[in-house]
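Peer 1: I'd like to ask you about the structure that follows.
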Amino acid sequence: MTMTTNAERKFINLRKRLDQLGYRQPLAIESLPLVEKLFSDLIHTTESLRNAKLAAGKTEKESRNVDAILEPYKTENARLVKENNEMHLGLLKLREEKDRISRELKAYIRKLDHETSDLKFLNNQYVQKVRSLEKDSNGKTERILQLQEKNMQAVVQTPGGKKRSIPFRRQRMQTDELLPSSGGYVPPAVAQPDDPYIADLLQVADDRIQELQKEVAQLKLDLERAQGGIKHLNKQVEERDKEIERLNRALDGGRPHDVISLEAQNISNEKLIAHLNLQIEYLQETNRSLEQRVDSLQQKKKTVSSEVADLSARNQELCQELTQIDQLAQQLEKDKEMVLETADMELQEAKKAIQRQQRELEGQEEVISTLRRDMADGDHVKDQLRNQLLDLQDQNNKMEGLIHFLEEDKKRLQDKIEAMMQEDKEMVLELERMRARHGMCGKDHSPSRLDAFVKSLEEERNYYREEVERYRLVRGRTDRSPTPVGRGRSPRGRGSWHGKRDGDAELSRVVKERDELQSVLLGFEKHMEDIQTRVKLLTAERDQLSSQCQQAQEELRRVQRELESSELQRRIRDDREQTEAELQRVTAERDALRDRLKVAHSTALTDREQEEFRFLDLENTIEKLEREKADLRAQVTVLKESRVVVEKELKAQSAVLLQNVEEATQQRVESSALRLLQEQMEQSLSDVQHRLSVKTNELQAAHQQIDKLEEKIADLSRHGSSQKDEVVILQNTIASLDREKDTLQDAVDQKTESVVLLQQEVHRKEETLLEVRLTVTDLENSLNQLQAVLSSREREIASLRRQLDQSQEELFSVSRDREVALRENRRLQDDLATMTRENQAVHAEMQEALNERDELKLRVHSYISEVARIESLMAAKEQENRDMLERFRSIHTESEDKELKLQQSEGLNNSIRLELLSSDTERRHLRERVSLQDREIQEHLNALQAYEAQVSSLARAMSRLEEEVQAARAEKASVLADLASVRELCVKLDSSKELTVRQLTSKSMELERVTGELEDVRSEMELLKKQLGSERLTVRNLETLLSTNRQKEFQTHISASEKESELKVLKDRLALADSKTAGHAREVSQLRGKVSQLQTEMDVLKRQLTTERFERERAVQEMRRQGLSFSSLRSSSPLSTSLSPRPASPERSILRTPERSTDKTQDK
């Protein structure tokens, strides 16, 4: 069974496939394996055939695409060749540019070398000049010293008998009248035969001439070098032409080589002609500019000659002024004494000024201390005012918030009141309606119940209004609550009233509305309580602010009492008064606002019209407050600005005060130094005076000789004190003179250095002037030579112009013929290029169409193969379905699995069917596209036929053009014969042109060199003019400086010599005073020895007196004892009288000795 079923299945599949392929002949079961094998071979062969066709199509396509592949390589090759040519041209240009730059740099290096050589030469000249000037200055200084040593010296005899000579003391000689002028011949002062500068400048001129000759030789070498460079450039041009010919041969397609070479020759000829024209124009312009420069140089020569004459005259004037300077020196010596006297006066005035400044400094320090205290107080007041302003701003912000809050409450309450009024109206209307309705219906039953209910509602409304007004009036009594009374009064006759159902519903609604109104009133009462608490807070803040304002006012008054001294305090007081007034006004406005708020709170819920008016008033007040707030802000800004100004003024005053303090400190230091010196001198004086007083006290106790010595010592002490005072004064004057001497010496050194530098600059400028003169003469000679050369060159240029005109005419005729031929050739080439481009485009379109057709055929074959494959799959699937049906019959147990498989296979079948449908639709579309492509191919073929017709016509035109070209070639042969003759002429012209070009280049080089030299000369002339002007100014300044320096030198020299002499005199005086003081000290020591001897003698006399007294008393007692009278004792009185003066002196000495001892102890 299985074998038969397999054979049947194979037969059925094979039969289907044969039917699909169109083989509908009968098939026997016996031939089934053969046919199956043949069928498989057929399928294999068809697939191999299809693969072969595909391979063949691909190879054909690739062979067709070879040209298309090669085309970009060809274009790339052409582009690379073109870029190579461009790079080669760029290389040639870069080489030319490099050679040009190297030539320019070499020329510039040569120019710099020449300039450096010139500068070295000038430097050597200047060094030699400086050395000669230094030698001259050394000789002059030695001569001045010799003359000063030969001057008569003043001799001063000191008190010790010594004689001292004072050097550099200039002796003065007064003459009554001058010597009479000589009547003989006076030689002119201008003649200066032995001038060393002229010889030096002539040598410089000779050296310059030699350098210029060397430069001429160098320029000749440069010309030869330039000619060699021109030859090198010609060789480069020839090599470039050869390279162009090589590249033209290398190029494929395009224009013929002859046409390109002709164009290149024409372009080069045009460039040469344009270059020659430019050179001719440039030469004409250079000739004009050179003529103008020659004229300007002649004018400059005249001006330079006039300036030289002026300078020579100026030289004479300077010589005369030197003589005048010598005369001024004598006057300066006279002026010096006056200067010294004035210096002494100024010293005294300076001392007085120092004392006055000390007093002023003390006053300024007091002022500074007061100002600092004022500033500290002002800063304190400023901080307080700033804090008050901040508090006021905070209060304003709070008030604004309150006002906004009240406005919102006002709006909300207005809305509630309007709603309540509307509800009252509706209630009244309802009640009237109900009254009318119930009155009509139930007059007998309840005639006045509604009226009583309405009256109770009105009473409740009035009660609530009264309660609100009472709360508004009370303001702060929030503990009591009117709600129990309302609640006790409100339900008045609710239980006893019974009506209909409609009336009950309306009454319940009214009761609900009443309860809602009561809740609203309760909320409003709470809101009023909040407002009252806020008002309390505001009142507390107002009290606090008022207390702070009072404190600030008290502080301001205290500051006002303290700050009543200066303008700054006055300003601060004014600002403070303004701020106080503003604060009072702000507080008044704040109180007014609070009163208004109270009034607004008290009359908040009375009537709508009153509330509207009140809100309008509040808005106006708010606007006023905003305006006032803006004014306050403006005033605050003004106060801030004034504060800034005051701070700036304080800073300026503080800076001034700091400067004053620094100056005061400096003056204090100086005054302290002077005070220390003064105190030292006073101490020394007090010590000396004290010593002298001690000495006088000691000498007063001595004998008459000691009295005489005391008088002498007193005289000497007075003389010594006066001498010490003089010594102090002299020391001060010496110190001041030393300082002045140092300053004068520094000034003299500086002026001498500046004089030396100025003299060097003068000599340098004279040398440059002489060099400029020489260069001007050289330039004049060179200009004359150049004018001669230019005249000859102009004649040569005129002949060359005539030759160029002839050659240009011939070239114009040849160029016209050539341009005609070129135009025809270009036109033909353009036509050919357009035809070739069109043909290429048509071929490309044809190729694209064929490629698309092949692709479509391949797609159709692929679709057919896919359809066959899908059909075979469908057949296989159908066979499988049959097998599955047979299995379903045989195997019932696996029915569920098979059903699932069937469902899957059905889904696959459906998808395959959908794919087949889509493939059918695609096949139809492809057929349509193939038909369209066939139509397009037909159209392209028609277009090709038309293009072929055009090509044939173009071929005919080309044949005609070839005939014309042959005729043109014949004409060309004749033209070439003519061109040969023209070329011979051109060769001759080229040879003459090369000569002319060489001559022109040499002339251009020479002209450039001459123009460069002329520009250098012009710049040098301009520089010389500027230098002459500046030198004139410097000469004038130097003259004034020389005169002033010489005067100052004379003054300083004279003052220094006199001060030195005075210093020596003072030193001698000091030595004398020292010797005197030493002698006095020796005398004082001798006197002290004598005093000690006298004291010993006085002690001996005291002892003798005591012994005598004792003996006298004893004698008296003995005489009394013996009975002698007192008269008898008178006989011994001469002894006592003779000795009477002596006892007095010892007693006095005894009395004075302890005093002296006490004085000595005090001194110790």
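Backbone N, Cα and C atoms are what each Cβ position is placed from, and that goes for glycine too.
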Peer 1: Looking at the candidate ranges 13-66, 607-660, 769-822, report the one that Swiss-Prot labels region 'Homodimerization'.
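Peer 2: Spelled out, Swiss-Prot records region 'Homodimerization' over residues 13-66, not the other listed ranges.
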Peer 1: When you measure from the Cβ of R103 (site 'Microtubule binding'), which residues in the chain that are at least 6 apart have a Cβ under 8 Å away?
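Peer 2: The answer is A226, G229.
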Peer 1: For R110 (site 'Microtubule binding'), list the number of other Cβ atoms lying within 10 Å of its Cβ atom.
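Peer 2: So the number of other Cβ atoms within 10 Å of R110 (site 'Microtubule binding') is 15.
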Peer 1: Across the whole of the coiled coil (454-649), what does the mean pLDDT come to? Round it, please.
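Peer 2: Value for the coiled coil (454-649), mean pLDDT as a whole number: 65.
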Peer 1: Looking only at the region 'Homodimerization' (13-66), what are its DSSP counts of helix, strand and coil residues?
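Peer 2: Counting residues per DSSP class in the region 'Homodimerization' (13-66), I get 44 helix, 0 strand, 10 coil.
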Peer 1: Including all protein chains shown, what's the count of other C-beta atoms within 10 A of the C-beta of K106 (site 'Microtubule binding')?
Peer 2: 12
